[in-house]
Amino acid sequence: MDQRRNVYFYETRRKNVSEKVTELKKLAERYDFTVVDRSDQANIIVSVGGDGTFLQAVRKSGFREDCLYVGISIFNDLNMYCDFHASDTESLIELMSKAELEVRRYPVLQISVDQNAVFHCLNEFSIKSSIIKTMEMDVYIDDLHFEMFRGDGMIIATPTGSTAYNKSVNGAVVDPLLPCMQVSELASLNNKRYRTLGSSFILSGDRTLTLKMLKGSNNYPIMGLDNEAMSIQHIEEIKISLSEKRIKTVKLKDNSFWHKVKRSFL
Ligand code: NAP
Ligand code: MN
C-alpha cells in the first residue's frame, strides 16, 4: 500500500468480536498503519463483519470516493463485499505489504426525494407499502410514462445488490462491470385494469427512473436504503439514477465477482 496509511476500523455490532478486531488493529500497526478513531481521518476504511457491516461502514462514512474500503469477513466466507477473512493472516499481511493493489469500483445509486434530499445505495433502494394495502405509483423511464404499478412495492438494485434482495425476487445477477440498475417488482397486481411489465428490467446508467406516488392512494410507503430504513412521509416523487460516485474496494487476486457468486450460491 502507498502513503495513505490512516486506517479506520468499522466493526459489526454482533457480540464477541472485539478481541479479533483488537488483533487486526495490532497487525495493522505492526505494518506501519495508523489506526484512527474517526472515519473522516482515514484513507482506508476496514469493515469487520459481514456484508451488512460493509454496507453500514460505507453508509456511515458517507460513500467516500477518496478512500479505499476493505471488507474483512469474520464469521463465514460467503460474503459479496468481503475479500478477506479475519483468520487468514497471510492474505492480510500480503495486502498490507503490497505497493500496488487491485481495486474494484462498484456503481452506486443516487436517490432524490421530492427534488431535494439525496441519498446513496450500494445494494438497493426499496419501496414498499407499510400498511396491509397495495401502493400505487406511476413509473417513468426518463420522460416516458412506462407503467402504472399497483402492488407491494419495488426494488431498484445495483449490480452488486443483484445478489441480495433482488435475487430473492427472481431478478438476474448482474456483472458489476456494467454500470446499470435493475428494477424488480414486489407482488404486482395484474388484471384488465392494472398492467405492469411483470419481469425485472435493467436500465442503462444514463437513464433516470421516476416513481410518482398516485394522489389519494396509500401514501404510507416505507423505503429502504440498503439495510437502513428511510423515514420520510408524504412523498410525491422519487428519482433514481446511477451516481457518478464509485465505491473502491480492495480486491484479492483471482476473486472476481463471479468467483464470489459461484462460491456463495453454487
Ligand atoms: P440481514 O437481513 O441481516 O441479512 C441479509 C442477508 O443478505 C445476509 O446474509 C447478508 O450478509 C446478505 N447480503 C447483504 N448484501 C448482500 C449482497 N450484496 N449479496 C449477497 N448477500 C448479501 O441484512 P444485512 O446483512 O444488513 O443486509 C442488508 C440487505 O439484505 C439489503 O440490502 C437487502 O439486499 C437484503 N434483504 C434481503 C431480503 C430478501 O432476500 N428477502 C429482504 C430484505 C433485505 P451478512 O449476513 O454477511 O451481513
Ligand atoms: Mn447481516
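Note: Cβ is positioned from N, Cα and C throughout, glycine not excepted.
Taken residue by residue with DSSP, T163 (NAD(+) binding site) is part of a helix. The number of other Cβ atoms within 10 Å of the Cβ belonging to T163 (NAD(+) binding site), over all protein chains shown, comes to 22. The feature NAD(+) binding site is assigned by TrEMBL to D51, G52, N123, E124, R150, D152, T163, A164, Y165, N166, K167, S168, A187.
Annotated active site, proton acceptor per TrEMBL: D51, in sequence order. On its own chain, D51 (NAD(+) binding site) has G71, N79, M80, Y81, C82, A164 as residues at least 6 apart in sequence with a Cβ closer than 8 Å to its own Cβ.
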Among D51, R150, K167, A187, the binding-site residues whose C-beta sits under 6 Å from ligand 1: D51
Filtered binding-site residues, from N123, R150, T163, Y165, K167, A187, whose Cβ is under 6 Å from an atom of ligand 2: none
